[in-house]
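Asks: Before I ask anything, here is the structure I am working with.
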Amino acid sequence: MATRNRTEVTEFVLLGLASWPEMQPIIFGIVLAMYLVAVMGNALLVIVVLLDSKLQTPMYFLLSQLSFIDIFLTTITVPQMLVHMLPVNRTISFNCCIIQLFFFMTVGSMEGHLLAAMAYDRCAAICDPLRYSAIISHRLCLRITLTSWVVVSLNSLLYSVLVTRLTFCGNEVTHFFCDITPLLKLSCTRPVVNEMLIFTEGVAVVVSPFFFILGSYARIGVAIVRMHSVAVLHKALSTCSSHVMVVLLLYGSVIRMYLRPSSSYDLDQDHQIAIFYTVVTPMLNPLIYSLRNKEVKGALQRLFRKLCILGNFQPDYQANREW
């Protein structure tokens, strides 16, 4: 490691999916289509929650925040990946790279905190339904959301500052965006402090919501067993199944990507996981919540019905104006 040449890095070269050159045209089309579906699907979910009075509840407030996070997450990374698949300059300035790293880590961590808040909401609804309105409120959800933003922002800022203090022995990032692991691989010396933070402070901030989710579902399971009711079990499954699927998609990718030693870094496998995390998961989340949730499906139907009515009246309105 000591024989590597140290250079003052002012920009990075994002190699992207350079290991799959023959597949890039196909990947470009697939990723672009999934990106558009992810943005439109999540935007539609946010709009439905804002406009439909029946969805003005704490649970759907958190769901709209999750959709906003998914739009932000995929927009931070995917457009740049698509541009760098074209025969253009693949460089990104050092400062822009650090900014992208900060926002990516902030938004990615925030998604876990929102899922933990949604698990707490479901736990209160199933375990203590009579006091649900007293326990969960819009004000509480807003406080949880704002506090989570502060915590994950400070955590990401710490990582970003530590990366700026590294000495790099090259500027070719083997990824399609600036992520913590490929940047640490460029360090001239082993970034022990950074790796220790990932496995200590990083676990506390990123993985602690996952354990909170597990605890919430353990409490739900105990409550269901004590009730001895098939109806309650069916309601719990219908209420929580969408949330469980999203949690598995998120943390399955996060744990595989980050909570492991850097010596086990595998380029192709990490690219596949990163694409799944930044493109596929944001695309699937609104589909999961809309297809498996009767209230969301009903709200979508009411919205489309209103749009159809407005569309039918629009020609008459235009004709009256011309007359």
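Positions of Cβ are set from backbone N, Cα and C atoms, glycine also.
Just so you know, TrEMBL annotations never went through curation; they're auto-generated.
The transmembrane segment annotation in TrEMBL covers 26-51, 58-78, 98-120, 140-162, 196-215, 236-259, 271-291. Marked as domain 'G-protein coupled receptors family 1 profile' by TrEMBL: 41-289.
Tell me what's around each of these sites.
Replies: If one looks beyond the transmembrane segment (236-259) by at least 6 residues along the same chain, the residues whose Cβ comes under 8 Å of a Cβ in the stretch are 66, 108, 111-112, 115, 118-119, 122, 125-126, 180-181, 198-199, 202-203, 206-207, 210, 213, 217, 220, 224, 270, 273-274, 276-277, 281, 284-285, 288-289, 292-293.
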Asks: State the residues, same chain only, that lie 6 or more residues beyond the ends of the transmembrane segment (58-78) and have a CB under 8 A from a CB inside it; answer 'none' if no residue qualifies.
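Replies: Sequence-distant neighbours of the transmembrane segment (58-78): 31, 35, 38-39, 42-43, 45-46, 49-50, 100, 103-104, 107-108, 110-111, 114-115, 117-118, 121-122, 125, 136-138, 140-142, 145, 176-177, 246, 274, 278-279, 281-283, 285-286, 289, 295.
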